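As annotated by TrEMBL, domain 'Glucosamine/galactosamine-6-phosphate isomerase' applies to 11-226. Per TrEMBL, the feature active site, proton acceptor maps to D67, H138. Here TrEMBL flags N136, E143 as active site, for ring-opening step. Look at TrEMBL and you will find S146, R153, K155, T156 tagged as site 'Part of the allosteric site'.
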Amino acid sequence: MKILILPDPDAAAARVADIIARTLVARPEAVLGLATGGTMEPVYARLVAQARSGQVALDRMTGFNLDEYVGLPPRHPQSYHAFMRAHLAAPAGLDPARLNLPRGDAPDAAAEAARYEAAIAASGGIDLQLLGLGANGHIGFNEPSSSLASPTRVKTLNHATRAANARFFGPGEEVPRHAITMGIATILRARHALLLATGAHKAQAVAAMVEGPVSARCPASALQMHPAATIVLDAAAAAKLELRDYYETVHPEGREPCLA
Ligand SMILES: N[C@@H]1[C@@H](O)[C@H](O)[C@@H](COP(=O)(O)O)O[C@@H]1O
């Protein structure tokens, strides 16, 4: 794992956007695994700005998002389809069809999960998988106890995750109980994994992911098994890392060699 520690959330998001942009400059038709969540909003804002200024072209890449809520159609404002339209497709002037997500309103969610897994494989596989981190250590919607060998499938969301994501929903609006999510095995098959975590509320999960045992208790710890995983943190999210000095010696100021 490469652990890159940046001073603040903005600098961390900028570093992640730069890594994505470099990947696309080297391979404009790259297949990107994409993520949602508040942490990703500044990443997409920066990527869109780079696209608008002509530093990077987004119109040949293919996206596969990690997950979608079961029961929400793409037009639902809290669906991850809507998130990707709002934060990437619309501002970058991208054809939303380039951004694949599981259909939350599919009549058979299990069949939809299997179709999605097959579609990722048929694309040639994911070049760079962007990931956020749940405060409970989840990646995608792989909650604690997820099999580290899991494919894309339906998962039941745990109480803490539904509570954390309730801020995106209106008052009295129910957070869905299930999601279709890429599995841990799906994520580990990506050629590069790039996780961004910022804020003190992620520090515990970051420490478990990087320095804890590889365990289904912290699904993100499976990234220790990935041969090319980059973890980008702000200082607050890095605060509980015991080996922080070492990471900062290897990557001063969060610098790292080109991923592409
Ligand atoms: N399924 C998403 C995850 O992919 C995301 O990483 C996590 C953290 O979100 P945030 O960035 O808002 O903290 O939230 C959701 O549960």
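Here the Cβ of each residue, glycine as well, is placed from N, Cα and C on the backbone.
Given the structure is predicted, the values throughout are model-derived calculations rather than measurements.
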Close recorded positions near E143 (active site, for ring-opening step), where close means Cα within 10 Å, chosen from D67, N136, R153, K155, T156: N136, K155, T156
Between T156 (site 'Part of the allosteric site') and H138 (active site, proton acceptor), the C-alpha gap once rounded to whole angstrom: 12
Per-residue Cβ crowding (10 Å cut-off), top of recorded positions H138, K155: H138
Candidates N136, S146, K155 (recorded positions) - the one closest to D67 (active site, proton acceptor) by CA: K155
Under 8 Å by Cβ from R153 (site 'Part of the allosteric site'), same chain, sequence gap 6 or more: A110, A113, I180, T181, G183
For the recorded positions N136, S146, the one whose C-beta sees the most other C-beta atoms within 10 angstroms: S146
N136, H138, S146 screened against K155 (site 'Part of the allosteric site'), Cα within 10 Å - retained recorded positions: S146
Distance-selected recorded positions near ligand 1 (C-beta under 6 Å), from D67, E143, R153, T156: D67
Within the predicted model, mean pLDDT of the domain 'Glucosamine/galactosamine-6-phosphate isomerase' (11-226): 97
Neighbour count (Cβ, 10 Å) for D67 (active site, proton acceptor): 23
Neighbour tally for T156 (site 'Part of the allosteric site'), based on other Cβ positions within 10 Å of its Cβ: 12
E143 (active site, for ring-opening step): tally of other CB atoms within 10 A of its CB: 21
